[in-house]
Protein chains: 2
Amino acid sequence: MIHFSINKAVFLQALNTTKRAISHKNAIPVLSTVKIEVSNEGITLTGSNGQISIENFISIQDENAGLLISSTGSILLEAGFFINVVSSLPDIVFDLKEIEQKQILLTSGKSEITLKGKETELYPRLQEVSTSNPLILETKILKDIINETAFAASTQESRPILTGVHLVLTENQTLKTVATDSHRMSQRKMQLEKAGDNFDVVIPSRSLREFTAVFSDEIETVEVFFSNNQLLFRSQNISFYTRLLEGTYPDTDRLIPKEFNTKVTFDTAHLRQAMERARLLSNATQNGTVKLEIQNGLVSAHVNSPEVGRVNEELDTLSVSGQDLMISFNPSYLIDALKAVGSEQVEISFISPIRPFTLVPNTNQEDFIQLITPVRTN
Amino acid sequence: MIHFSINKAVFLQALNTTKRAISHKNAIPVLSTVKIEVSNEGITLTGSNGQISIENFISIQDENAGLLISSTGSILLEAGFFINVVSSLPDIVFDLKEIEQKQILLTSGKSEITLKGKETELYPRLQEVSTSNPLILETKILKDIINETAFAASTQESRPILTGVHLVLTENQTLKTVATDSHRMSQRKMQLEKAGDNFDVVIPSRSLREFTAVFSDEIETVEVFFSNNQLLFRSQNISFYTRLLEGTYPDTDRLIPKEFNTKVTFDTAHLRQAMERARLLSNATQNGTVKLEIQNGLVSAHVNSPEVGRVNEELDTLSVSGQDLMISFNPSYLIDALKAVGSEQVEISFISPIRPFTLVPNTNQEDFIQLITPVRTN
């Protein structure tokens, strides 16, 4: 029968992290609960939506937590409701005690709240991932890679494999990360500092976005472990499991063009603002596109919506070279691409009005490349 | 044919204020537009949803606006879209010019955006309110009165008159403001500094809440004008019209009890937090109530939800007098009432478990009184 006392803020933070894996409206009702397991070493909070599972450990050695364990045990509590109740407690510490079978008493200040829980036997067993031989990655680098690629994954289930991000480690140190929804693609390559076993996996982009929310910047490194159909990101206190997508990821290397006819260097922020203006009107056109015109070293953007109005804008450029060109595309794709670029300037390279164009930060030509497919007009 | 240039930030602020009266999904399509009228004195922006109308004037004498008028005229533009376009403009000033019939060209930096507008003849005529003999009120006092009462108005259309706030001026200086949804009531009385003509009106509570958002704290006083079915709040640059509710407001004076059997003084913030805890569990009970128990000078709160759990809490009090009592009520009503109270302490006075109880700030016993009806439980 559980009995412990703890600092409210520390417990709430762990609870809120765990909650990110818990969906209020899960088809499996027990997955709307949080599992609390109290051992002599600390408390483990577990949440899962069947795709992602998060385990959060609070150690008795964590001085901020001030965790005092009087008795061990485990229980399931309705996650959203439990968080609201703990948030509302009046004191900076609280006491949680199982008073009768699967019923807990929270005491804080003069407030006493009794909540009904459930048997932990009802909770599904999470997939096990063997934790030997980890790949060790810097959290910041991993989050950067995710932010640079995951947005380009598909959000439609018509081709499920494209809703994932393809991560491939070759030669034990070359990591390639790529995502595409077949209209645009983003690919990041890098050499890892520490070698690891080669792998080739497709991770749901939604899981990766949750990863970036769960692992704060204070966590310097994460260990990565793989099983057949699961991946585990682990830090000192957090274990984050995600299922992997099954199937073969398309060969994206062959899509990247090598030779171009026109190159333009833009200021990233200026180009993004111009595309945001263009999008306001392109949203009201039939094909939703902006037309970029490169002529005699001048670049301009044009949208003509017969219903709403027109945009005509000369774009600031830092350099223009090669052939003149007119090309139409969805400005949202370019805006997303520019958001993902960390550099102040960006180089965009074109072949023809009907071939994909590439976008690279001008600081790092080789390792981060994005591709956007134009839209044929007339 | 309109032509002017203006500071973007000043224009946007006026546009956003006017936008508060404009509903994107109005049944009358022309009401989704903003009317722009340019005279030699300045620009008037008008928006309306049929209930509320807002006119916002930008004078050529406003130095921050830097308004230069080259040509006068008027046009209607789709409000939401126009705001997005103006927000996106690159420079800190922009130029707006009517280039052909009801088509405008916005120029800012290197960006040129053309938008289609409509004839102002399509716009409905707003009700006129004669602007003689104003009642002058301090904006801050009027906003305080609204915040103290409007929340208690009904949100249900079953008795339309109760969706309004009843404002009555008697003896030219005694202002009574009252709102009730028949479960709770809030009444504020005050003596005005400046006398005015007596009136008795019911203003939609939604209009009053918009008023508090539109009139910023920098506007020191507002003039109030009445017509048969409209009210106008006017400051130097803003005219805010609202329709009035028709019908007779119920006599609320007779509801306010004068004699009590039990009185308790609470710390406002502590009581509110305790009620918020209680509400978490009372939401899961059948009648949604918290039970307050006053016994031998001690006050405690109790909720028992057979499904979810229980709350038992001893409440901090500053004084308790009179008979013991048990009373049940919806904690949301008490939370709302406590939010409206500006004082640190609050006095709650009871007659019996079945009679409404009153709540007054302990700083100001006479002028601000709230009433909450209990719920009978076995």
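Every residue number used here counts from 1 along the chain in the order it is shown.
Just so you know, glycine gets a Cβ as well, placed from its N, Cα and C.
Now, the feature entries from TrEMBL:
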DOMAIN    B:3-126  domain 'DNA polymerase III beta sliding clamp N-terminal'
DOMAIN    B:137-251  domain 'DNA polymerase III beta sliding clamp central'
DOMAIN    B:254-376  domain 'DNA polymerase III beta sliding clamp C-terminal'
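Each residue of the domain 'DNA polymerase III beta sliding clamp C-terminal' (B:254-376) gets a DSSP state, and the totals for helix, strand and coil are 27 helix, 52 strand, 44 coil. With DSSP classes pooled into helix, strand and coil, the tally for the domain 'DNA polymerase III beta sliding clamp N-terminal' (B:3-126) is 29 helix, 57 strand, 38 coil. Per-residue pLDDT, averaged over the domain 'DNA polymerase III beta sliding clamp central' (B:137-251), rounds to 95. DSSP states for the domain 'DNA polymerase III beta sliding clamp central' (B:137-251), grouped as helix (H, G, I), strand (E, B) and coil, give 28 helix, 47 strand, 40 coil.
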